Amino acid sequence: MDSCNCIEPQWPPDDLLMKYQYISDFFIALAYFSIPLELIYFVKKSAVFPYRWVLVQFGAFIVLCGATHLINLWTFTMHTRTVAMVMTTAKVFTAVVSCATALMLVHIIPDLLSVKTRELFLKNKAAELDREMGLIRTQEETGRHVRMLTHEIRSTLDRHTILKTTLVELGRTLALEECALWMPTRTGLELQLSYTLRQQNPVGYTVPIHLPVINQVFSSSHAVKISPNCPVARIRPAGKYMPGEVVAVRVPLLHLSNFQINDWPELSTKRYALMVLMLPSDSARQWHVHELELVEVVADQVAVALSHAAILEESMRARDLLMEQNVALDLARREAETAIRARNDFLAVMNHEMRTPMHAIIALSSLLQETELTPEQRLMVETILKSSNLLSTLINDVLDLSRLEDGSLQLDLGTFNLFAVFREVLNLIKPIASVKKLHVSLNLAPDLPEYAIGDEKHLMQTILNVVGNAVKFSKEGSISITAIVAKSELLRDSRTPEFFPVPSDNHFYLRVQVKDSGVGISPQDIPKLFTKFAQTQSMATRNSGGSGLGLAICKRFVNLMEGHIWIESDGLGKGCTAIFMVKLGIPERLNEPKLPFMPKVPTNHGPTAFPGLKVLVMDENGVSRMVTKGLLVHLGCDVTMVSSSEECLHVVSHEHKVVFMDVCVPGMDGYEVAIRINEKFTKRHERPIIVALTGNTDKVTKENCMRVGMDGVILKPVSLDKMRSVLTDLLEHRVLLEAI
Amino acid sequence: MDLVQLQRQFVDYKTSLYHEGFLDEQFTQLQELQDENNPDFVVEVVSLFFEDSERLLNELARALEQQNIDYKRIDAHVHQLKGSSSSIGAQRVQKVCIAFRNYCEEQNVEGCLKCLQQVRHEYSLVKTKLESLFQLEQQILTAGGSFPM
């Protein structure tokens, strides 16, 4: 035994203490070994842990500490130097690692602490976000409610439904206890409770409109919290609980006039309604901002919906009115059409029915005039004739006027002799004028064309009417008729500013002025002159007869002729001047006037000879035979004479163009001859023209002649001119248009 | 007498004939028909008239003497006479003929006889007048002038 390398520990004699140390060391080591295991286990489990290497370090530190304590177990007893070495190494390592760890922890712990602060911060943030999310959700819900409300409100155009729906939906959305609407009365001085949510039939409470709380609400566009004790909120009977908060908002009542085309409606309307909303009494709920916003939006929507409803009502009313008017107009139009039709039928019938008897009366009266009558009878017949002429004129005037007004009268244009028209008028008026001892003078301008194109008949009628009036209304003095071609400076008359005639190459304006020195017309009567059936009430006119239509008809004719007519007078007793202008056409230069519508035989002298015209004359009377032959020979005809019907039939051939036969001799049947001739010549162009010469003008002879197929009848004795025109006519027309 | 005086006499005479109703425009017409182709037209016609009328007047006288008067025939004759006289313009003769025809229709013998007498009278008057007129014309022609129409 000598030197053992074992180190003798300073064994205290206390065994128990050593035992406890031994055990504690063991447990410490155990704990120290298990802590990293736990750490590793849990860190592995967690996904995020930024300080892994710290853990490693710490683990190493713990493990080494554990190892140290473990190795300590062996040092309680005799241990070898190796164990001591190991112990020392372990301790050294442990010391190093622990110092490093201690140093590191200085850095790490603040970090860890800050993590904690951040965590707290995040938690707060999360809580805040949660809160906000809650708010947004609420708002979105509110928005949904508003949309639904709006949809409900706007889905109807009935005012009552709109308001009711608003209240119901608001009540539901906001869980209100009561919701009421106060509308302004007609006078605008009070608000009346019109609609409530809970009460079915609100009694008509009214409050004056000028309460301060109401003014406050009306002056702001937001929902305003008001006291539950103010009059508008005291709708329900007071409960035992604290009344809930009340909010009031204004609802503008817009009118159609508020909507300008280019502006949005200014809320400067005077009229508002008041909507009052009450939260439930015992809920201690508060009005949230979003709820107030909801209420405001709803109020606006309601305003719009109400105005739409009002507009619709208005337009429906207008449409109904229009429809009614339409129906009434249609009825009126149909009635008018019926009336016009009835009138036209009446006129058409009357036209014929009235004219026929008139014609008979006039014709027979004039025939009666021709016969032998005693003076009284003659007077009577003349009166009949005059009256019936007046009546006939009246009928014609009335019919003309109605045709003129219908526009169915058209001008009968033709070329006519203007001078002749004036002369004719003069001739017609001279007798009456001379009876009244009036002097009539006619002045035709030198540049007035002799021929013109226009409606001759109506122009003459107009001039005659105007001149006739002048004569009618003058008891003494003179009448002057002046006709000129209107020059451009005269065309624009200051008295007729609305008349703008435009002269052209083919037309000229005839200006006729008729001046009389008669009773004149007072200025206030002048406008009435041209109206139908109106007559001035002066003494002179009452006895003058006439229907008052004359000037009205003249005016219409003149207008048809694109002209103008007016009357001037200086006053009663100072005479008057009638002036009219009409538009007439200028005919082309012709040697002879064309008379297209003249039914009479033209009096132009045609060929003075009919050379070689083969004519057959049959007359029993030698003298008249000779005379007729002489006539025809003078006209250059080749005349064959026969004195009996047999001879006539024998001689007549297709060479003879005309056969003159005397038919009034009794005992000789000229008619028989005519029939035979007709039979002989079947072809019309071969047959000669057969003319009867007779001394009788009676109708029977004429009818007989026409019946047997004669082409004409001439009355003996025949003059040369007559024979000439007869032959011309016959050869031109193959028929005689006149029988005389 | 010299030409101018003759012409004046002619004109006056003719005018008086018209004035007194012996002649009417028909005679003027006849004169118009006379030209160089027909120089004696008027004389011819008038001569024919004289012949015709005389014949008719004789017939009428004979017819009215009958026991049973044939009014139809008388009417026919008078019609002829009327036609002739109107053809040359013997106005007064024509007028009497018209009256004659009326009496014929009435079958009034006295009336007819009276008319016949009247017709005869008028006829002879107009014959004389016309003959004088033609004599005057001849005188003027021989005197070398042309007679005014």
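Numbers here mean position along the shown chain, with the first residue as 1.
For all residues, glycine too, the Cβ spot is worked out from N, Cα and C.
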Query raised in the report: What range among A:53-72, A:413-432 does TrEMBL record as transmembrane segment?
Result: A:53-72
Report task. Please work out the number of neighbouring Cβ atoms within 10 Å of the Cβ of A:His69 (Cu cation binding site), leaving out its own Cβ. Result -> 21
Report summary line: Other same-chain positions with a Cβ less than 8 Å from the transmembrane segment (A:92-113) and lying at least 6 residues past its termini are 51, 54, 57-58, 60-61, 64-65, 67-68
Report summary line: Across the recorded positions (A:Asp516, A:Asp662), the Cβ with the fewest other Cβ atoms inside 10 Å is that of A:Asp662
Report task. Translate the DSSP assignment of A:Asp516 (ADP binding site) into the three-state scheme. Result -> strand
Report task. Quick one: of the recorded positions A:Cys65, A:His69, A:Asn469, A:Lys472, A:Lys716, which have a CB under 8 A from chain B's CB atoms? Result -> A:Lys716
Query raised in the report: Short question: which residues 6 or more past the ends of the transmembrane segment (A:20-41) have a Cβ under 8 Å from it?
Result: 55, 58-59, 62-63, 65-67, 69-70, 72-73, 76
Report summary line: Whole-Å Cα distance, A:Leu551 (ADP binding site) to A:Asp662 (4-aspartylphosphate), is 54
**Report entry** A:Val471 (ADP binding site) - helix vs strand vs coil (DSSP)
**Finding:** helix
Report summary line: One should report the C-alpha separation between A:His69 (Cu cation binding site) and A:Asn469 (ADP binding site), rounded to whole angstrom, as 160
